[in-house]
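J.: The structure under discussion is supplied below as structure tokens; questions concerning it will follow.
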Amino acid sequence: MRLLQLLFRASPATLLLVLCLQLGANKAQDNTRKIIIKNFDIPKSVRPNDEVTAVLAVQTELKECMVVKTYLISSVPLQGAFNYKYTACLCDDNPKTFYWDFYANRTVQIAAVIDVIQELGICPDDAAVIPIKNNRFYTTEILEVE
């Protein structure tokens, strides 16, 4: 019985070791990679029928490449190259920047959408992954027409 009590009694050194291991495990869990990092840039305001350039910069922290399709959606129809859809291979060492030129004659809300898709012939050797958790990312901006 006494031997059993000695086995189950924790020494201060053991408790300190367990605490350090627990703190180290929590720090490791916080170090997750971001699937998509996006920066959508459009002017805040323009005059009616001025040409607008929208810029979407996309990158990833994943070690594997992904096939992404990017496009814009608006609250009202717009003229120009607004409806262009881009498909590209996105890797951590090769961020992508996409451009759209269009005309706006009234205030509009614009969403830049990034879909992670499965498509052959885009990434080298067709080596690409699709995230399980999320495969659609977006950001919105308002373009004021004065």
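Placed from the backbone N, Cα and C atoms, the Cβ positions cover glycine too.
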J.: With the disulphide bonds as Swiss-Prot has them, who is the partner of CYS123, out of CYS20, CYS89?
T.: CYS89
J.: Using only C-alpha positions, which one of CYS65, CYS89, CYS91, CYS123 is spatially nearest ASN105 (N-linked glycosylation site)? These are the disulfide-bonded residues in the record.
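T.: Spatially nearest to ASN105 (N-linked glycosylation site) by Cα position is CYS89.
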J.: What's the CA to CA span in angstrom from CYS65 (disulfide bond) over to CYS89 (disulfide bond)?
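T.: With distance taken Cα to Cα, CYS89 (disulfide bond) is 7 Å from CYS65 (disulfide bond).
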J.: Measuring Cα to Cα, how far is CYS123 (disulfide bond) from CYS91 (disulfide bond) in Å?
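T.: Computed Cα spacing between CYS123 (disulfide bond) and CYS91 (disulfide bond) is 9 Å.
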